[in-house]
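J.: The structure follows.
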Amino acid sequence: TCLAKRIVPCLDVKDGRTVKGVNFVALRDAGDPVELAYQYSQQGADELVFLDITATHERRKTLVDLVKSVATQINIPFTIGGGINEIADADILLNSGADKISINSAAVRSPAFIDELARAFGKQFVVVAIDTKFIDGKNFVHLNGGRIKTDIETEHWIREAENRGAGEILLTSMDHDGTKGGFDNGLLKKVNDTLGIPLIASGGAGNVEHFVDLFHKTNVDAALAASVFHYGEILIPDLKQLLKENNIEVRI
Amino acid sequence: MIGIVYYGAGNIFSLTAALDRLGLEYGMIHTAEDFDKFDRFIIPGVGHAGSAMKKLEQTGLVPAILNLRKPVLGICVGMQLLTEFSEEGNSTLTGIIPLKTRLFDEHLKIKIPHTGWNRVSALPGNVLFDGISPGAHFYFVHSYFIEFNSNFTIALAEYGIKFSAVIQKNNFFGVQFHPEKSGLAGEQLLKNFSQLA
């Protein structure tokens, strides 16, 4: 295939500023998500994800301003997620230049929201993000950034999300997230083998070899990571070079 | 100056942002008279091809589009509108280019929508690809594609099957990918379009 595997830096944003510590050379303002996004696009990132954790009533306005700034200055696609609960939220983000929106808890609480979004904007616009944790031999969906366990089995939920019109799944393994010990290749392969829509893997990236392993073992479509990119522990040009040397199709 | 056909189907913010970054001037086309103000045209589009065609028809701009003799660029669903038919909603489209828009076949063991950066191979003489490396990746996101046809396909991509990444008939061009989201290669393509004689 000639379709490139995608490398996707993820930026956590609060009140229009990046939250997680960023230690990145050549940044004039490490707290400015647009500046960071621009640097990533220059380095060869294929796509960006912004997760907004703003809780104030000014939320929608700050989010729309952010999306417009990103769309104005960045020439690669991006997804925006966090607190999108109604069609009107999605509509204004689309018209401000967002390529996709990501929904997580809102979809679990109201699965029909996936159908509504897909009908209104097309399934390519709808990413369903899922936080999963392995408990007593099974994988369960967790909500609110992983704080709340549900009784929903992850693989069932992925199937339902796909059937309802999700255009892509972003799967974060909470067991691997933050460990820097590699992606959850077992689960990711199992999910990817039966999935008819693209899968973005998240959680566990610690070094460049983890990405090679991920793509070789699971064949997922994209890999997302945050801190290893923000702290300059992995440089995207180096990562893509290594992937290419390992016969993984990438955009260089 | 580029005239953007304004018919309510799609996110034109990203397109105008890309044109702004490139310093290319543009304006919006709302009425048939507006076509006279510009020397080239873009038809954008996202979403459902059938709904997009209905919206375009409601503007009353279709007859003027059919008569255009200056360069026209359809992007994504805007490209599909140039064909005669889409399997999406079994819709009749403008028919400017005698091709069909079809749904990707999941039996080819491919994921649908086709999402991401895919290699595009321009055929010799394709002026839209001047200055773009052979096999450069462009950003695609679509479930329907335009069949490969040696008369009209001027660049192809492969996803399970070979399909049209770029088509042309006379002054009408269409690109299936999103040049406004395709990094430097996409920006170069827009620049090339702006300089077509």
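Cβ from N, Cα, C; glycine included.
Okay, so TrEMBL annotates it like this:
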- B:CYS76: active site, nucleophile (ACT_SITE)
- B:HIS178: active site (ACT_SITE)
- B:GLU180: active site (ACT_SITE)
- B:9-193: domain 'Glutamine amidotransferase' (DOMAIN)
J.: Distance check, please: Cα of B:HIS178 (active site) against Cα of B:CYS76 (active site, nucleophile), rounded to an integer number of angstrom.
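T.: With the alpha carbons as reference points, the distance is 7 Å.
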J.: Let me check the 10 A CB neighbour count of B:CYS76 (active site, nucleophile). How many other CB atoms are there?
T.: 27
J.: Can you grab the distance from B:GLU180 (active site) over to the residue listed as 'active site, nucleophile'? Cα atoms, rounded to a whole Å.
T.: 11
J.: What count of other C-beta atoms do you get within 10 angstroms of the C-beta of B:HIS178 (active site), across all chains shown?
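T.: Excluding its own Cβ, B:HIS178 (active site) sees 23 Cβ atoms within 10 Å.
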J.: Looking only at Cβ atoms, how many others are within 10 Å of the one on B:GLU180 (active site)?
T.: 29
